[in-house]
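*Asks:* Below, the features straight out of Swiss-Prot:
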- D148: active site, proton donor/acceptor (ACT_SITE)
- N7, E384: Mg(2+) binding site (BINDING)
- K14, H208, L209, G210, N211, G212, D283, F284, R285, G331, V332, G333, E334, N335: ATP binding site (BINDING)
- R91: substrate binding site (BINDING)
- H180: site 'Transition state stabilizer' (SITE)
- R241: site 'Transition state stabilizer' (SITE)
Amino acid sequence: MKILIINCGSSSLKYKLIDMANEKDIIEGIVERIGLDQSRLVQKNELREKYILEKEIKDHKEAIDIVLNTLVDPKVGVIESIDEITAVGHRVVHGGERYSSSIIINEEVIKYLEECSKLAPLHNPANIIGIRACQSLMPNKEMVAVFDTAFHGTLPEKAYIYAIDYALYKDHKIRKYGFHGTSHKYVSHKVAETMGKDIKDLKIITCHLGNGASISAIKGGECIDTTMGFTPLAGIPMGTRSGNIDPSIIPFLVEECGYTIEEVSESLNKKSGVLGISGVSSDFRDIEDAASKVDKRAQLALDIFHYRIRAEIGSFIVNMGGVDVIVFTAGVGENSPETREECLKDLEFLGLTLDKEKNKVRGKLAEISQADSKIKAYVVPTNEELMIAKETVELIGK
């Protein structure tokens, strides 16, 4: 069984074809600059060999048509017919309050996703365009929506309700939603499997640390809290996002500094985080390199990042009544031994002892705690596309 995964952005489309018989990637690619100059398709096969097609691509429907034709192309394709694709799994950013799990797409689902677009104006409209395009080009294929927010649908009210006028929640659905849910779900299940434990018996903290970053508390297989909120801006500092700040800073910027609301949003989303603090880059590799050369602001950016992660881990341990395993994933979490060491140092009093030799691992599944550590720590490479494929297979029941 082969599942096609589609992830549509406003001017891009990522895709991956997965063979569910062995859960291996067959091929993956991206269509870039849709509707813009210099649009192109870049595809990589399982040997990481590249195929590049440069041509005008005016919209997402044309992009998906090109993807499908490339998949069956005699020279660079990997299947003989589109009939070999069993179903399509779509990454959808926001499922609102209604969808706390993945769902087979129909008109009612699409209508609700359109209503949710006000909650994710940069993402949901593009996701819907991709769904419509696939339905038009593959009318007989079942389509499944897998939501970034869904895994956090188990948050209790005390975790997701903000301490603001309750009418703002009732009338406008302003609450914590959380994001990166597909990643948090995948790595939590993967670490339980690796440990040979039933996830229902575990208390897990998952740290998805990349240019976007979030941390989740997972108890008995259900997410009970997460750091991102109404939007992906909330939580810990990230590459360019501020994370949590005092809300009064916003009117201060408008009234005293002359910012427009658009400029405030631009600053907090694209000019803050470790980029804003360091003045160096939003790439943690560049910041670590600068810090190693005694750049004080770069070191400060890292110190704040690590401090805020530790604060959230501590909070989640208290609210879960303990923790069995802490997981690091995504670009920084998987590839920065320095970040992991700083986040886990001096935790022997809790029963967690890091193995510095094991912690040198990059990008591979590995335990990084000492053998006798009561609390375990792992690096688990995320695989959101495989999680989407698994959810798709589960729903279509084939």
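The first residue you see is number 1, and the count goes up from there.
Glycine residues also receive a Cβ, built from the backbone N, Cα and C atoms like all the rest.
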*Asks:* When a 10 Å sphere is centred on the Cβ of L209 (ATP binding site), how many other Cβ atoms does it contain?
*Replies:* 26
*Asks:* Counting other Cβ atoms within 10 Å of each Cβ, which of the recorded positions K14, R91, H180, R285 scores lowest?
*Replies:* R285
*Asks:* Per DSSP, to which secondary structure element type does D283 (ATP binding site) belong, with helix, strand and coil as the options?
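*Replies:* The three-state answer is coil.
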*Asks:* Are any of N7, K14, R91, H180, L209, R241 (the recorded positions) within 10 Å of D148 (active site, proton donor/acceptor) when you go C-alpha to C-alpha, and if so which?
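*Replies:* If one measures from the Cα of D148 (active site, proton donor/acceptor), the recorded positions that come within 10 Å are R91, H180.
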*Asks:* Highest CB neighbour count within 10 A among the binding-site residues N7, N211?
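*Replies:* Of N7, N211, the one with the most crowded Cβ is N7.
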*Asks:* Looking at the recorded positions D148, D283, E334, E384, which one has the fewest other Cβ atoms within 10 Å of its own Cβ?
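*Replies:* It is D283 that, of the recorded positions D148, D283, E334, E384, has the fewest other Cβ atoms within 10 Å.
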*Asks:* Translate the DSSP assignment of K14 (ATP binding site) into the three-state scheme.
*Replies:* strand
*Asks:* Relative to the Cβ position of V332 (ATP binding site), how many further Cβ atoms are located within 10 Å?
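*Replies:* By my count, 25.
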*Asks:* In DSSP terms, helix, strand or coil for N211 (ATP binding site)?
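*Replies:* It is coil.
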*Asks:* In whole Å, note down how far the CA of V332 (ATP binding site) lies from the CA of E384 (Mg(2+) binding site).
*Replies:* 16
*Asks:* When you put the residue listed as 'substrate binding site' at the centre and draw a 10 Å sphere around its Cα, which of the recorded positions N7, L209, R241, D283, R285, E334 have their Cα inside it?
*Replies:* N7
*Asks:* Measuring CA to CA, name the entry from the recorded positions H180, L209, R285 that ends up nearest N7 (Mg(2+) binding site).
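*Replies:* Nearest in space to N7 (Mg(2+) binding site), counting only the recorded positions, is H180.
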